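Worksheet: one structure, shown below.
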Amino acid sequence: MSQNVYIVSTARTPIGSFQGSLSSKTAVELGAVALKGALAKVPELDASKDFDEIIFGNVLSANLGQAPARQVALAAGLSNHIVASTVNKVCASAMKAIILGAQSIKCGNADVVVAGGCESMTNAPYYMPAARAGAKFGQTVLVDGVERDGLNDAYDGLAMGVHAEKCARDWDITREQQDNFAIESYQKSQKSQKEGKFDNEIVPVTIKGFRGKPDTQVTKDEEPARLHVEKLRSARTVFQKENGTVTAANASPINDGAAAVILVSEKVLKEKNLKPLAIIKGWGEAAHQPADFTWAPSLAVPKALKHAGIEDINSVDYFEFNEAFSVVGLVNTKILKLDPSKVNVYGGAVALGHPLGCSGARVVVTLLSILQQEGGKIGVAAICNGGGGASSIVIEKI
């Protein structure tokens, strides 16, 4: 019951911009690409019989068909006997999937679990609520599925960015600080791309050629190249016109992508002679008032550290926070009194992108890359989610 949980493989797709390079792919198709990439790294595991369960995050599930996680599993070649569950914890969905997978192994219910998440925000549909009963008279409206189910608070109806503005006011974080943070995120991501830091984690996505044109491959994240410093600093505020601080440029963009992590028990690790990449040391989750979701990671991280048996936060080598907004990275670093040089060292979601159901796994995948390439041992990933919550995971590189 207390057996260790190991990460033996990770993979992710490049992250595509909204209506960009990955727009022809559904969330399920992206998820299958990521999972196939992860499977290819562990040929010792037999896809036809060794996998017990898949737990995959997905937020904008409308029009994807039943059970997206199940679709991903079968599209990637896993057995019909695999148990599949789709998780919606908004932005934290894929991290929750990893936590649930680890718990399943810890409890002895499974030995090999696929966890991760997928999202195509580009392909999320518009809804027509009046169509079911029939609009009787006058104009009707289309409801944007991305906005309704992904980007607006369910309790007050306000955009997540309005709450990001509240965070900036409450914690005295300026527009200049947010712009500087965003620019640094882009610059770190660009540098990491140039140096090949993401190469081992990214699986290329093949895009079918149109009208006889050859197929093409998307091999790198699309957003980092879009940095224009002057435009970023002069961008208008979106959510608060007077004295606002949050802009589209210092917030994460709308994106498409998928990530997968393969977890195994110690029993299977030894039986299959697998090489472990990391051990999951612990996890923690927290929640408070929905309007303050931005700094919920600062509540989840201490819980994760306690669960992992780590008493001193300064003993953590690297942190990976999902940058839903620049203010999220800033406020959690501030509250936890972290050294900024240890946070998001390859850049974050402001520059890389934030495909909702994928991001919780993406930050874990990138955190492991950082530990492997920058000489770290202990890493902490954390992500906030709409509704006031957050999830966090502690991993130790092996």
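Heads up, the Cβ atoms here are built off N, Cα and C, so glycines get one too.
According to Swiss-Prot, the protein carries these features:
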type	residues	note
MOD_RES	SER2	N-acetylserine
ACT_SITE	CYS91	active site, acyl-thioester intermediate
BINDING	TYR186, ALA248, ALA249, ALA251, VAL350	K(+) binding site
BINDING	TYR186, LYS231, SER252	CoA binding site
ACT_SITE	HIS354	active site, proton acceptor
ACT_SITE	CYS384	active site, proton acceptor
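The structure, with features from Swiss-Prot marked on it.
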residue : record                                   : Cβ contacts under 8 Å, 6 or more apart
CYS91   : active site, acyl-thioester intermediate : VAL59, ASN322, ALA324, HIS354, LEU356, SER359, GLY360, ILE383, CYS384, ASN385, GLY386
TYR186  : K(+) binding site                        : PRO224, LEU227, GLY347, VAL350, ALA351
LYS231  : CoA binding site                         : ALA249
ALA248  : K(+) binding site                        : ALA235, VAL238
ALA251  : K(+) binding site                        : GLY161, ALA164, VAL238, ALA324, PHE325, SER326, VAL350
SER252  : CoA binding site                         : GLU323, ALA324, PHE325, ALA349, VAL350, GLY353, HIS354
Recorded positions listed as ALA249, VAL350, CYS384, least Cβ neighbours within 10 Å: ALA249
Any further residue of that chain within 8 Å (Cβ to the Cβ centroid of TYR186, ALA248, ALA249, ALA251, VAL350) of the recorded K(+) site: ALA182, LEU232, ALA235, THR247, ASN250, SER252, PRO253, SER326, ALA351
Binding residues TYR186, LYS231, SER252 (CoA) - maximum C-alpha distance in whole Å: 16
Coarse DSSP state, helix versus strand versus coil, of LYS231 (CoA binding site): helix
